[in-house]
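As given in TrEMBL:
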- G400, L401, S402, G403, S404, G405, K406, S407: ATP binding site (BINDING)
- 5-161: domain 'ATP-sulfurylase PUA-like' (DOMAIN)
- 172-384: domain 'Sulphate adenylyltransferase catalytic' (DOMAIN)
- 392-543: domain 'APS kinase' (DOMAIN)
Amino acid sequence: MSQQPNLAPIPELYVNADSAQKLKADAGEMLSWDLTPRQLCDVELLMNGGFYPLKGFLTEADYDGVVENMRLSSGGLWPMPITLDVSQEFADKIEPGIDIALRDQEGVILAILSVTDKWVPNKKREAEKVFGADDLAHPAVNYLHNVAGPVYLGGPITGIQPPTHYDFRARRDTPNELRAFFRKMGWRRIVAFQTRNPLHRAHQELTFRAAREAQANLLIHPVVGMTKPGDVDHFTRVRCYEAVLDKYPAATTHLSLLNLAMRMAGPREAVWHGMIRRNHGLTHMIVGRDHAGPGKNSQGQDFYDPYAAQDLFRQYQDEIGIEMVDFKQMVYVQERAQYEPRDEVEEGATILDISGTELRRRLREGLEIPEWFSFPEVVKQLRRTSPPRDQQGFTVFFTGLSGSGKSTISNALMVKLMEMGGRPVTLLDGDVVRKHLSSELGFSKEHRDINIKRIGYVASEITKNGGIAICAPIAPYTATRRAVREMVEQYGAFVEVHVATSLEECERRDRKGLYKLAREGKIKEFTGISDPYEEPQNPELRVQTEGVDVDYAAQQVLLKLEQMGLIGLS
Ligand code: PPS
């Protein structure tokens, strides 16, 4: 395989400015779809050639081939389904043969999709083949089942304009912009470092070694689209990258941001990343330990072997069209005061390492982060974003049957937290929310889900801004509670408290007289009587209320918050 890149421009899907103007006017009349954040990332990379040779969202035949064996119907390699998932309601309006406008979240028309295919995917098969298991602990499998719409649309797209980014504009490059940059600089061998984490010393050592080994220039190419839920946000990460850029030789290293929505698909993702980097004009890519790994499955085991990504990449390297620079995990060897690949460390030497989890713990608790691990400039940025936990916002989410005691306990908790002071506290009680935020909603599954997601949205905003949100709805569905958890955990802790009062006891108390009416059939869809309640399997806390006073239950929650480091003793 040649490592001399062809740095000629790669085909894009945009039409010229005049046609774009005209198309945009025509598209105003078309049915239109508001792209989700993930689809927005995909559309950008489709249009700018990042996903070359794709010309649009996969058709059903291409999808089947990609899912089964990473092949498009043309026979070409493509490892990741790039699909336009839509709601059933929208799909019902669509017949293959029509054009639809694709809009960003402000309503700007970015592209036109000429729909050739519409189908209901077998999501279980997609999960098993693409992600290795139909296990909701995998973020992309959870996305597939609980976020993505039920119907896929496929067909070629015509690009009108790229999505607008207001942040870090100077650091974002399309494949053709990067190719032009490499041509201008005379760079011929360039190794990409894909990352979704801040750069610490181990990464710097790894990238130095990779560039040396490949005798290549280095492109630090972090993902700023979507990464794994719970990752450091991209604003902080980019500030971290910028803070250490001067530790790289300016003449040989470049930083560019990639607006990719990752799927955390390990081996397949590595192949995909390779193709995307090839499209950006790179000749080499670093694949380290557990590339794009999603963490543990629901059995507590790794989804993929840590080096499976390297194996798959190696197998398809010629077709991917760029060369892998593979690395074992880099670790710090104390006696030698330097980083080395784990498999090269002398026997008996002392290895020091700080895992991602340990790093987050130290940040959370305001503990020391040693200089051998990271750069003070990076740590400073991380501390700005992650103050110690007892200064961060968080959400306590009570769930339980009607009349279980959620409101009473949450009121007591609110007052106790206000007595402690420090952070603003907001109570989003079920009844209160239904009066102010959700007055038009009933109790169908659909309406309950809307209600809970509204609560989740408000709670996540409060958490983001450093406050305490206490929510107390019934929230009967596991998937919806999980969606709220994900919304909140982007910004702070989510503490699920199951108020586990039994149905019999709630009905015996019947404080509002609703159970009686429900039994008589006068209230329909009543939780526990004529509507389901899915008990939380792993709440942070389960409180019993039978034979226990409210004060004690609220104390248990406080103790849990203290144990989690969310409230201090001060
Ligand atoms: S949900 O499922 O989370 O959206 O419910 P929520 O917003 O917490 O609203 C629950 C309160 O509404 C009253 N109510 C009912 N509950 C359950 N099922 C039916 N059909 C129903 N109709 C009215 C009831 O007073 C609930 O209040 P709590 O505080 O839970 O007793």
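In case you wondered, yes, glycine gets a Cβ from its N, Cα and C as well.
Not measured: the values here are computed from a predicted model.
Locations of recorded TrEMBL features on the structure.
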{"residue": "G400", "record": "ATP binding site", "contacts (Cβ under 8 Å, 6+ apart)": "K406, I474, H498, V499, A500, T501"}
{"residue": "L401", "record": "ATP binding site", "contacts (Cβ under 8 Å, 6+ apart)": "I474, V499, T501, L503, C506, T527, G528, Y533"}
{"residue": "S402", "record": "ATP binding site", "contacts (Cβ under 8 Å, 6+ apart)": "I474, C506, K512, L514, Y515, F526, T527, G528"}
{"residue": "G403", "record": "ATP binding site", "contacts (Cβ under 8 Å, 6+ apart)": "T501, C506, E507, R509, D510, R511, K512, L514, Y515"}
{"residue": "S404", "record": "ATP binding site", "contacts (Cβ under 8 Å, 6+ apart)": "V499, A500, T501, C506, T545"}
{"residue": "G405", "record": "ATP binding site", "contacts (Cβ under 8 Å, 6+ apart)": "V499, T501, T545, V550, A553"}
{"residue": "S407", "record": "ATP binding site", "contacts (Cβ under 8 Å, 6+ apart)": "D429, G430, D431, A472"}
Residues among the binding-site residues G400, S404, S407 that border ligand 1 - Cβ under 6 angstroms, in sequence order: S407
K406 (ATP binding site) in three-state DSSP notation: helix
Sorted by sequence, non-G400, L401, S402, G403, S404, G405, K406, S407 residues with Cβ within 8 Å of centre, ATP: I474, V499, T501, C506
Per-region confidence, the domain 'ATP-sulfurylase PUA-like' (5-161) (mean pLDDT, whole number): 96
